[in-house]
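Read the structure below first, then the notes.
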Amino acid sequence: MCEVGVEDLVKAGLSTEEAKYFQRVLEDIVNGAKGLDPSEVWREVVARRLLKPSHPHELHQLLYHSVYANWDVSTRGPPLYWFPSLHQSKKTNLGRLMEKYGSEVLGPLYKDPITSFSLFRKFSVQQPEAYWSIVLKELSVSFQEAPKCILDSADKSKRSGSLLPGSVLNIAECCLLPTSYPMKRDDSPAIVWRDEGYDDSEVNVLTLKELREKVMLVANALDAMFSKGDAIAIDMPMTVNAVVIYLAIILSGFVVVSIADSFAAKEIATRLRVSNAKAIFTQDFILRGGRKFSLYSRVVDAAPHKAIVLPVNGSNLGLQLREQDISWEKFISNVSNQARSNHYTPFYQPVDSLINILFSSGTTGEPKAIPWTQLSPLRCAADTWAHIDAQVGDVFCWPTNLGWVMGPVLLFSSFLSGATLALYHGSPLGHGFGKFVQDSGVTILGTVPSLVKAWKNTQCMKGLDWTKIKVFASTGEASNVDDDLWLSSQAYYQPIIECCGGTELASSYIQGSLVQPQAFGAFSTAAMTVGLVILDENGIPYPDKQECTGEVGLFPLYLGATDRLLNADNEKVYFKGMPLYNGMSLRRHGDILKRTAGGFFIVHGRADDTMNLGGIKTSSIEIERVCNRADESVMETTAVSVAPVSGGPEQLVMFVVLKSGHNNEAERLKKKFSKAIQSNLNPLFKVSFVKIVEEFPRTASNKLLRRVLRDQMKHELLVRSKI
């Protein structure tokens, strides 16, 4: 590692006395690890808790980059920052499973959860019925009619296979009933929450029994107003009431239509039309970051048949309703005075019955309407159980919305594993959210990278104690190594499990794992039971374990993945044009995946994020990673390629958002970016244009609208050509 002197430590924010002590301990660690791998030095730095959450981020940066200064990423893969101990690994869900069944399914090849993980995962791919028969016993799932078998792959019309054929259940009931394993009692905390602005108040707690009674009350009210099978939308923040409504709709045999609370009226209307929703649950306003935003008025502009409207706080609405709409208070009062209004007999259905209509983010055209059946919650809960290690006693928080796939994933993953769901009714961007994480004792914190960047840059979480967190999770976009370094450091370098998947998969196809070492911004494994290959430009799979970059192809037997779309051709979208592999037609996902040395995966954007520069295909994500580090004034960049108006090779254009308080010139950045790209990627690449903007266009789920930027640049070049 690079030598770190007292002067360096003082520059990083320590006092002279602190720096001297720090250096002595560091020297002791380095001397003790002489001749050992840099990762062993970092492992010891973390184990001794030399770096503390209260230390300046500059100090964490200094040590991490000094330890790994001579690390060769090209031959060794990304640097490791978290290492499972054998003792820790045996306490994880997967570790317990492997210790119990490892010798049975792997024979003498089984050693321990860390050594044998890759073999056990391979077993889950090759014998999914055996794996699922084991894992389903770990979740609180009860059937009214037991499945005929675990897996039926005879029906070739269902490429993803038929899981649990013949079984009948109600998945919402499974969330609400006490169970002996996992241990869920009536008095177990099901949900903890706090309203924004009440940061010094006690955290609110809802027990499993209280949740069940609330859900059953709403289920009775739904029965009084709708017919079985009706689609009913939810467009509101993910509050306790939203969770109650979601579960009640499913418990009573209706179908949830998930709509994000950030959508404009036109987008709401599209989703109501496609789903044929009979009504919508919404709020009068949204309170976020101390500001009040109208929600009901947007919903009304979408012209729903009927709206059931909740007040943002208190019991009185702050506005006048349309004639056909009804207040939450009146909706509930229709049944609250009836005998046994808190009791309800669930509507039991076959396992493949529709329960939820979700939508793709819709970066182009009409969003795909993706049906979730009762299998989908089983898939996402099993993956969260295995990879993020959600279990009884955990408090699980992930700022999201029921309109996006992470909302239902969070809900089912918590309740089916016995964890407590943690909800903050307000903006996750400020100190109030962080204090809720501290006060509620969150042990699993899910994030999106842009949220982490905001926390780090604003320093809004300073002084808070997040050390009860045992694991972080991240999804939605590519993670930034420095932002992840900051996040992990807030809990003494606990692991961040990266997750990448899709609504139609009801899960992530690549993730991290608590029985493997982890690297920032990288995925350590394909998910349990998931088979995949990386394809070259001719659609031929690279050999397993070979370092490569290409489009990912998923094995078609993907339990829990949807086999139909409500407004598109599932076969055309996910299978048409994909190559065969060992007689199987691969499933399209659209990600460009890099398999690194060391066996990690890094997502290089979507297949349509690739560009052709001078005849060389490259990933825009790769270029952005280099340019983001090229100048200290840069907050983030987006790379697009645009063909000149007169034709010819594509030109590289960089859009830039500067950090607050920083200024720069496009021409200066153009030179810096070109130099950085030529040094780090390819000497033949150069930046043709740089455009500084205030922010990037994104979808409501925070996906970058690269197409919009590309179209803007095409228009600008066209105008320039006419001058």
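For all residues, glycine too, the Cβ spot is worked out from N, Cα and C.
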Candidate ranges 139-198, 259-318, 499-558 [criterion: Swiss-Prot lists as region 'SBD2']: 499-558
Composition by DSSP (helix, strand, coil) of residues within the region 'SBD1' (429-498): 28 helix, 11 strand, 31 coil
Secondary-structure category, per DSSP, in which Asp591 (ATP binding site) falls: strand
Per-residue Cβ crowding (10 Å cut-off), top of binding-site residues Glu366, Glu498, Asp591: Glu498
Residues of the region 'SBD2' (499-558) by DSSP state, where helix covers H, G and I: 3 helix, 26 strand, 31 coil
Collapsed DSSP category at Glu366 (ATP binding site): coil
